[in-house]
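Before any comments, here is the structure.
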C-alpha cells in the first residue's frame, strides 16, 4: 500500500496519541478480500486527514465468535487482554471495519472495564459526508447502476444502525433499491453466531442462497454491505447462482473509495 | 334469590380457582434464577404502553394486526358490560347501569354490539386462516395436536360468547317491545336488532332465551378465565408485565457472566481474590437454570410463529424454530412444577430441557441474528435461551462441534479464529499490496 500505516506502538513511542484507533479485526487482517476493505478504510482516513493508528500485531480477536458460540471463558480472556492494551494506550475513540467487532467492543467491553466511543466505518463515512469532507466526485461513476444494501445483523438489528450505510449510497448518482427483507426485517447472510466457522446444520438450502433470491428480485447490479462475513457469504451466494458477471459485492468503504477516486 | 346465591357461588369458585392457578404459575416462574429488571422504570412504562397496550409490533402484518386489534379492543371494552352482568347477578337487578347512565347507556350497548360483531367476524377469519387457508406460520413440528386445538378452542369460545351476548340482547330487545315483566326499555341494538326476527315471539320463550344466554355468557367467561393459565391465551394478561420487563439493552449485546469474570480475573492475576458467589452451573441445562424473565416469556408466548417465520435457519429447512424453544421451555417448566406438586420440592426426574426437549442440532443452527426477537410482538427473547444452552454445552460439557473447537483453539493460540500467525496481522499493510 502506498501510505505508511501508523501503529499505536510507533505513535506512543513518539509521544503522540491519534484521534481515533482503527480496529481492523481478524477478517480485515487475514482474509484476502477483507484486507482490500481494510486498505480502503485507511485510504479514506488518510484522504480526510484524520490522525489514526492501528494496533497491528498487538490486536487480537475481540472474542465475538467465542461468545456467540457459548465460550464465555475464552471471550472474557480475549476481552480482558484487549482492554488492557487499549487502556494502556489511553484509547478514547475506535472505528471498526466489522459489525461484530463494533458490537462487542461497544456493548460488551464496558462491563469488563473497557469503555470507548465506538463507531462502525459506515458511521465514520456518514459523519464525513455530513461534514462535507467526503463527496462522490472525481472517481468511478455509479450512474445508472442499481445498488441494494444488505443489512449486517450486528449493525442493523443488533445496534439499530440502518441509516449510516445508506447515507454513503445516497450521495452516489444511482438508484438505491431495497430488498423485500431489509432494515429491521433484513435476512441474515448465515455467518453470524459463529456459523462462519462451522458447516451449517442439515437443512434444505444455504441461508446465503436464500438471500440471493432477495437480491436478484431487486435487479441490483451491486450488493453493498459493511461486514467481512456478509461479504464472504454474499460473494459465495453470487457464485452459486452463477451471477458473477451481473452482480458485484462491494463494501461501503470500497464504493466510497471508488466514487472519490482515492 | 336462588339464582343470586348460585351466581355468587359460581363467581367465588371461579375467582378462587383462577387465583390458585395464577399462584402456581407465579411459583413456577420464580423457580428461575434472579435477574434485575427494576432499572429505568420510566422507559419501561413507555415501552409497555407502546408495545403491549399500543400493539405497535403487530403492524408488520397488517391484516392480522387489524383483526387482532378488533378482538383486543372488543374484549377490553366489553368487560364493562361484564361488570354490569356481575352486579346484576349478585343483586338480582336487571341492566342496573341503564337508569343512571340514561341515553349514554344506549350508546354504550350499541357500541358493545358493534364490537361484538367485529370480534365475531375476526374470530371466524382467524379460524379460516388456521384451518382452511392453512397459513404456513401456524404449522411446524412444534404445532402438534394440543397447540392447534388450543388455538381453535380459544377462537370458538370467543365466537360462542359473542353469539350469546348478541342473542341475549336480541331477546331482551324483543321483550322490551312487548313491555314484558321487568324488561324496561334500555339500550340500543344496532346488531342484535337483526337477530331479533329469528327468535320466537312468545314472551316465555324469549325470557328463557334471554336468561339462558345471560347464564351461558357469564359462566362461559368465568370458565374461559380458568382456561387461560393452561393455554397460550394467557398472553392477554402476561403480555403487559412481560413487555414491562423487556431487555432494554441493544439486541447485539449478550449477557455477561459475572461468575466467569471472577475466574478469568483470577487466572490473569493470581493475587485477585474473587468475592464469594453462589455456586451454580455455567449456562442452562434445565429450566431452573434460566432466569424468571425467560420463564415468564415462556408463559407469555402465544405461539403466533412470527419468530419462526423470519428465522433464517428455519426458513432454510433447519430443525431450529424459535417458537419451539419457547414452547419447550413452558412444557418443561409445567412438568417441573407438577413434579414439585406431586413429589415435593426436592424431587428430580431424570429429564432436562436440554436433550429431552431441545436438541443440540437446534441450538447449533442459530445465527444469533435477532430476527426472532425483533419479530416478537411482546418482546420475547428465544435467542437468550439458545445462547445460555450453548454455554452449558461448551463450558460444562466441552461438547461444541469439532469445527468450533478448532476455532476456539486458534483464538487461544494465535488470537484469531483462523490459523494465522499473530505476527502476520499487519501484512495487509505491506507496500507491495496494491488494489
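Cβ coordinates come from backbone N, Cα and C, glycine included.
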B:212-230, B:231-249 - the one TrEMBL records as transmembrane segment: B:212-230
Annotated stretch (transmembrane segment, per TrEMBL) among the listed ranges B:25-50, B:103-128: B:103-128
Long-range neighbours of the transmembrane segment (B:103-128), counting only residues six or more past its ends (CB under 8 A): 67-68, 70-71, 73-75, 77-78, 80-81, 95, 97, 152, 155-156, 158-159, 162-163, 165-166, 169, 186-192
The domain '4Fe-4S ferredoxin-type' (B:356-386), counted residue by residue under DSSP: helix, strand, coil: 16 helix, 1 strand, 14 coil
Close approaches to the domain '4Fe-4S ferredoxin-type' (B:356-386) from elsewhere in its chain (Cβ under 8 angstroms; 6 or more beyond its ends): 47, 51-52, 55, 57-58, 60, 235, 239, 242-243, 246-247, 251-252, 254-255, 284, 290, 294, 297, 300-302, 304, 306-313, 318-326, 328-329, 331-332, 393, 399, 401
